[in-house]
Amino acid sequence: MMNDKKVLFSGMQATGTLTLGNYLGALKNWVTLSDEYECFYCVVDLHSITIRQDPAELRKRARNLLTLYIAAGLDPTKNCLYYQSHVSGHAELSWILNCFTYMGELNRMTQFKDKSQKHADNINAGLFTYPVLMAADILLFQSDVVPVGIDQMQHLEITRDIAQRFNNIYGDVFTIPEPYIGKTGAKIMSLQDPTKKMSKSDENPNSSIYLMDDPDAIVRKFKRAVTDSGKEILYTDDKPGIKNLLDIYCTITQKTVEEAVKEFDGKGYGEFKLAVGEVVADHLRPVQERFGQLSKDKAFIDGIIKDNAEKANYFATKTLRKVQRKVGFPDRIR
Ligand code: TRP
């Protein structure tokens, strides 16, 4: 790369409205990591069409997501924030890697099994080879680390297997990426059923805090959060609701669980839930304000999109040409 920082790659889909879970589990960590690594943060729109999308809606959401990356604190001049569809190397490398991936490996992917059950009317080949595209995303930039949630670990493992297999045949072409799993706030649970992950696709809007919820709605949802019949604010597995609220509180305030438990010692659930709601609302307010301002500045966002696509293309092409040469494609004539 251009400096000696290690390369980090991650991506998010622009499907659904982002929740506090996506923010605390991913985006907020991305901001923290952006000092230490050379970061590529992609809006993975190629992945999105493995499920049928409304075109206008997808385009709008993709732009909102990229804008949100910036609003959340990612500096678009230091981090490469771009659309996957603007860098054709993703699709080209994905094709090549398809030829180095076995059907049996893809058959074992639990997300494929889940998604094909959920979308039984559209089990397309893209859904099946989704992990190969993800491998291409990561390997295209010679990424050293990939921050992922636990649900994407299997995809990262297959990425490593594919890279290793390719390297075994052709020499050291790809950097083998390592997963990066965040310390706290890795998994935020539903406010209505704290045994389930907070999800953008939950039908009950009270289950999730959406990043664009106004402060009143945020506080209201926390007040309604399902806890348990007890009184004590303790961090234990048999109090999943309280545990989830403590996780949220600590991730935002950067306090330890012990500190938080002490702070709320002797206080009721009502007071506790209100405090968590307020902390979240206060934390999201500046992000929401920046998002509002940025959304109005079309020329600025357009410039970011253009410059970063160029930057991503430059690095992607370097890897792609090397790979094409290794597998035996003819050299380009200049
Ligand atoms: N599949 C990931 C998800 O749904 C998104 C993704 C696509 C990704 N390509 C990636 C994440 C590469 C990390 C690295 O969450």
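The backbone N, Cα and C atoms fix where each Cβ goes, and this holds for glycine too.
Annotation comment: TrEMBL describes GLN13, ALA14, THR15, GLY21, ASN22, GLY149, ILE150, ASP151, ILE188, LYS197, MET198, SER199, LYS200, SER201 as ATP binding site. In this structure, ILE150 (ATP binding site) is part of a helix by DSSP.
Taken from TrEMBL, the feature L-tryptophan binding site applies to ASP137. Cβ neighbours within 10 Å of ASP137 (L-tryptophan binding site), excluding its own Cβ and spanning all shown chains: 27.
The DSSP breakdown of the motif ''HIGH' region' (14-22) into helical (H, G, I), extended (E, B) and coil residues amounts to 3 helix, 1 strand, 5 coil. Look at TrEMBL and you will find 14-22 tagged as motif ''HIGH' region'.
Same-chain residues lying 6 or more positions outside the motif ''KMSKS' region' (197-201) and placing a CB less than 8 Å from one of its CB atoms are 15-22, 187-191, 207-209. Taken from TrEMBL, the feature motif ''KMSKS' region' covers 197-201.
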DSSP-assigned states of the motif ''KMSKS' region' (197-201) in counts, ordered helix, strand, coil: 0 helix, 1 strand, 4 coil
Binding-site residues close to ligand 1 - of GLN13, ASP137, ILE188, LYS200, only those whose C-beta is under 6 Å away: GLN13, ASP137
Nonlocal neighbours by CB distance (under 8 Å) for MET198 (ATP binding site), same chain, sequence gap 6 or more: THR19, LEU20, GLY21, ILE188, MET189, SER190, LEU191, SER207, SER208, ILE209
Per-residue pLDDT averaged over the motif ''KMSKS' region' (197-201), given as an integer: 86
Site of maximum Cβ density within 10 Å, from binding-site residues ILE150, ILE188: ILE188
Protein Cβ atoms within 10 Å of LYS200 (ATP binding site), excluding its own: 14
Rounded Cα separation (Å) that holds between ASP137 (L-tryptophan binding site) and GLN13 (ATP binding site): 13
